[in-house]
Each structure stands twice: as C-alpha cells, then as structure tokens.
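Encoded as structure tokens, the structure appears first; notes follow it.
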Amino acid sequence: MKTGTLRKTPGFRLVDAVIMLIVGAVMLICLLPFLHIIAISLSSKHAVLSNLVTIFPREIDFHAYEIVFQDSRMLWSMGLTIVLTVSYTLISMVMSICAAYPLTKENLKGRSAFMMLIVFTMFFSGGLIPEYLLVKQLSLLDNLMALIVPGMISAFNLIILRTFFTSIPASLEESAYLDGSSHIGTLIRIVLPLSLPVLATLSLFYAVSRWNGFMDALFYITNADLYPIQLKLYQVVMNSMVTDLTAQEGAAQVDVVPEGIKAASIMFATTPILIVYPWLQRYFVSGVMIGAVKG
Amino acid sequence: MSRSSAQQPLLSQTVLKPRRAMGLRRDYQLYLLMILPIAYFIVFKYVPMYGAAIAFQNYSIFQGVSGSEWVGFDNFRQLFAMSQFYQVVRNTLLLNFLDLFFSFPAPIVLALLLNELRVVWFKKVAQTILYLPHFISWIIIGGLVYQMFATNGGLVNNLIVSLGLEAVPFLTEKTIWVLVYLGTGIWHSAGWGTIIYLAALTGINKELYEAAEVDGAGRMKKMWHITLPGIRSTIVVMLIMQLGHIMTIGFERPFVMGNPLVMDYAEVISTFVYKSGLQAAQFSLATAMGLFQALVGLIFVVLANTIAKRFGEQGIW
C-alpha cells in the first residue's frame, strides 16, 4: 500500500529508497535508547538482571513505577520544577521582550551601545567562580531565585527576538503612533500579536533550558528540599552509576538502586517533555528559521 | 487630557520634525522598558567580569574583592606550574577539536539528506524524531548512555556477548570512552543542527535547479554545484561560532559522562574550575583558570571572524 503511494511521486527511484533507508536508520538510533529504557522500566527485576530486555519489555511489571511514585521527594521535586519552569519562562520572556523591542528602534539614542553591551557578554564572561560569589553575596544560595534571576535573559534568544521584531513592517507601527498609540501600547497591541510563533519558540527554549538545567542547581542548591528534578535524578541515576563502575572488579556488587528504578525515574522526568514537545514543534521550527535567516 | 490635545504634539513630531529629533521625552517608555534588562546585564554579566579581578588576588571570602590582598600574576604562575593544568587544557582542546571534526559535518549531511526526501509525511516524522534528543537533559542522557554501554548488562554489550565476542569496556577504557563521548554529542545535536541548514536551503533560488536540470545535471551535481554553495555562508558562520568556542566546553556533558576511571581524558576546564573552586574553595586559582579560558576563547573568536572576512564571507560582526 505504501509503495503504491510512493510510486505516484514523479520519478521515485532507487536513490530515494536508499535515502529513506539511511534517514530511517538514523531515526532508529535516536529512538533506540528510549525504547530500551522504557522496556527496562516495565520489565520484572528478574528479566532485567538476566539481561533479557532489549527494546520490548519482558515479564511486564509496574513495580519500579510504584516505587518512583511512592517517593514523595521525587514528586515534590517534580512539582517544584514545574513551578520553577513556568515562572522562569514567564519572567524571561517579559524581560527579553522589554529588551528586544526598544533595540529595534533605529532612532533610539544609545541603542548601539546597549547592543554592544549585550553582544559582548556572548563572547566573554567573568567565569563560574565570580558568578558563584555574586550569587552568594546576594544571599541567593539555597534560594530558588538563584535558579531564575542569574539566567533571566539569554543574549542569543534576545537577538532572535529582535531580528523577528525588525521584520515586522514599520508602517504598521507608524500608523499606530499616528492614531495616538504609545510605544508600550503598540508593542502590546500590534507587535506581540504578530510575533506569536517566535514567542512560542523562545518560551520553549527557555522552558527546556530550565527544565533540563542542573548545573546552577548543583552549584547553588544544597538543601535537598529545594532540589529540582534533574538534581534529584542525578542522585538517583549518577551516584549509583559511579559505584557500579568502580565496583566493577566483580566481588561485592551491591546494587543500591535497581536498574528498573533508574529507568522508571528517567521516564518519569522525561515524560513531561515528550508530552509538550510535539505540540510546540511547528512553532519552534518556523521560529528558529525566522531568527536564523538574518543570522 | 483630551484625545485631540494628546494627538497634536505627537503628529507634529512624527510628521513635521525630522525623525532624528526623537529624544528622551518621546522615547521615555522605551527606556523604561530597558531599565530592568540593562540592570540585569550589568549586575549578572558585568559585575562578575569585575569580580574576575580575584584572579589577581589572594581572595578571602571575608575581605571581598575590595579588601583582599593583590598578588599580581601569582595565581597564574601557580596554575601554569601544575601538570594538571596542561592535561585539563589539552582535554578541552582535544574533545572540542574532535567534536568539530566529527560533529560539525553531521547536521550538514543530515540536512542534505532530509532535503532530498520527497515523501512529505516521512520527512516530517523524521524531523520530529531527529530533533527529540536535543530536548533531553544531560543527566538523562548520562543514564541512557550507561544503560546502553555498561560492561555488565548494557544493551550493546549484551548483543556483543551474545554474538560470542568479548564485552567492550565502552565507559572505562579511555580511548573508547572518547568515542562514546563524541558519539553521544552527535546523537544529541545532529538532528537539531539541521534546522539552521534547512532554513538556509529554503533561501536558495529554485530557478538555479531548473537551469541545472536543463543543462542535464543529475542529483549529485545539483547538490555539489548549487545546494552546497547555497548554504556555504551559513556553514562558515556556524564554523566560526564553533571555533570561537573551542576553549569553552559545556559543563554538563563532561561532568555527567566522566567517571573516575577515565578522568585523564574527561577532566576539562569547566569541571576543573568547579572542583578546584567550589569544592576545594581555591577561589582565586579557579578564577585564574576561568579568566585564562575566557581570554583565549575571545582571541579565538576574533581570529576566526577575521579569517572568515579575509575569505570574503560575512563573518558574525
């Protein structure tokens, strides 16, 4: 049936089949680790330990998920991360819009100075230790604000946004001014509604970076009650991994955390992204392209 | 204020006066919008640059930057005298160069392949799946890598063993670990990287292909003489950005993928700064390392951009 529709494409040839085969193989490589981890998380302990699980679950068993969902700290971290991600994304977007819009106004005095101030930060930074000391000095250590404020604006996202705003016809804005609209009014009523794809894209970028980020949490958060999900996951997945590797000599391999629980925890932390991602895909593709065209 | 009186000065300013004359009074709202972002950049980007001065100090937490004792280049001397310094810089450069060599072409090849796909639904499904790894955190990737490549019970080694071969120490043998590190990087970013090239591809004039077809060019010839030159400037810009970051290495990937057995290759600048600075509290030494990295990185960016301009490309500024 499928080959039937393919033949209708004019000039479908062997080359096309080969290309599809190659891309198909690459797709499989992208998916394989996920399939394997899902299979492990759903298989019985016995099947996992005797290495029977490949990409299909064996002896289906939800025990690992039961343990993950009974771990109140895991659920707490997840809830915390959701709140953190939403607030971070909102704040970042507002800040980015506030910075990007004035920078599109060619007549704005000091514009190029601000632009340079911003672009320079993309190539040079004070480094990790001074940033840490700053956060410490602002007494933000062990405070969730430390995961929001220091990374509020990404210069890269800001430039994408500015590029997009620039592409909106100036005549639209000018006619709004003639009708007595203020800058802020124009921004809210005209520019933002025309920028939905890029706004969706950048929101996704900010959200994903907050959701996946753990470097700052590792530096700034020591109170286990404030662990975001990735740091919590790090404890579950990585710490036991290191003991596994070093205890590899063979003798007493005490499995602190069974493979199944690791796998289930990984799926638990990945699922929200997997759910949101397909809905936003069409936005981010067009958004990135718009930002990229003028580089 | 009535509507008409509010409109009056506005009209005269936009229409009668030259646009240049717009000043503080007209644009105060724009400046208002920018106050917080500018403050952000100054506090969180420029203050740490000032804070980097502790690289030239014997920094004491209690004295702060202004009160600590200045020691000139002592921290740098101490750093350059450490054998670990050279190892860490070597690893950073090595992993980044290998990444550049292997990971840089991957999205270009993939984008060219995607561009040749003529079955629309297949192309869409492929893109969705190929972008996915980019959205997965390094912690999770670390877990996935372990599940795939562990010597006992890793999927790949299970397959190798079931074929009657000996298990490969993917994660514990240094050189093989580097390959896993590189492969993971490609897995994570190749698909996502195609976006920018696919965007560039849409900018190529379709008439060029038609003309080439009339001249009897096949698929390969069209790809070689039209498609690739068409995305050349995008490739160059991406290459400059990569070259500029040759000294900068993300923290999360080497941190998650490294383990005690491969530290000789896995310890890079960012992880070293974390361990010597935050864990061992040698703030000044670690800052000196960070500053060294930032300065060399800056030189690389400027150099790469200058070279690109020499070759008649746009560059990034």
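Keep in mind that glycine also has a Cβ here, set from the backbone N, Cα and C atoms.
The structure displayed is predicted, hence computed values, not measured ones.
Under the heading domain 'ABC transmembrane type-1', TrEMBL lists A:78-279.
Beyond the ends of the transmembrane segment (A:12-42), by six or more residues, the same chain brings 6, 48, 53-58, 60-62, 64-65, 259-260, 263-264, 266-267, 270 to within a C-beta distance below 8 angstroms of the stretch. What TrEMBL lists as transmembrane segment is A:12-42 (among others).
Here TrEMBL flags A:75-101 (among others) as transmembrane segment.
Look at TrEMBL and you will find A:113-133 (among others) tagged as transmembrane segment.
According to TrEMBL, the transmembrane segment annotation covers A:145-165 (among others). Sequence-distant contacts of the transmembrane segment (A:145-165) (same chain, six or more residues past either end, CB-CB distance under 8 Å): 84, 87-88, 91-92, 95-97, 99-101, 103-104, 118-119, 121-122, 131, 134-135, 191, 195, 198, 201-202, 205-206, 209-210, 213, 216-217, 220-221, 228, 287-288, 290-291, 293-294.
TrEMBL lists A:186-208 (among others) with the feature transmembrane segment.
Annotation source TrEMBL lists transmembrane segment at A:263-280 (among others).
Below 8 angstroms of C-beta separation, residues 85-86, 88-89, 92-93, 96-97, 101, 154, 157, 160-161, 164-165, 168, 172-173, 176-177, 273, 280, 283-284, 286-288, 290-291 of the same chain, each at least six residues beyond the ends of the transmembrane segment (A:186-208), sit close to that stretch. Within the same chain, residues 99, 103, 150, 155-156, 158-159, 219-220 sit at least 6 positions outside the transmembrane segment (A:113-133) and bring their C-beta atoms closer than 8 Å to a C-beta of that stretch.
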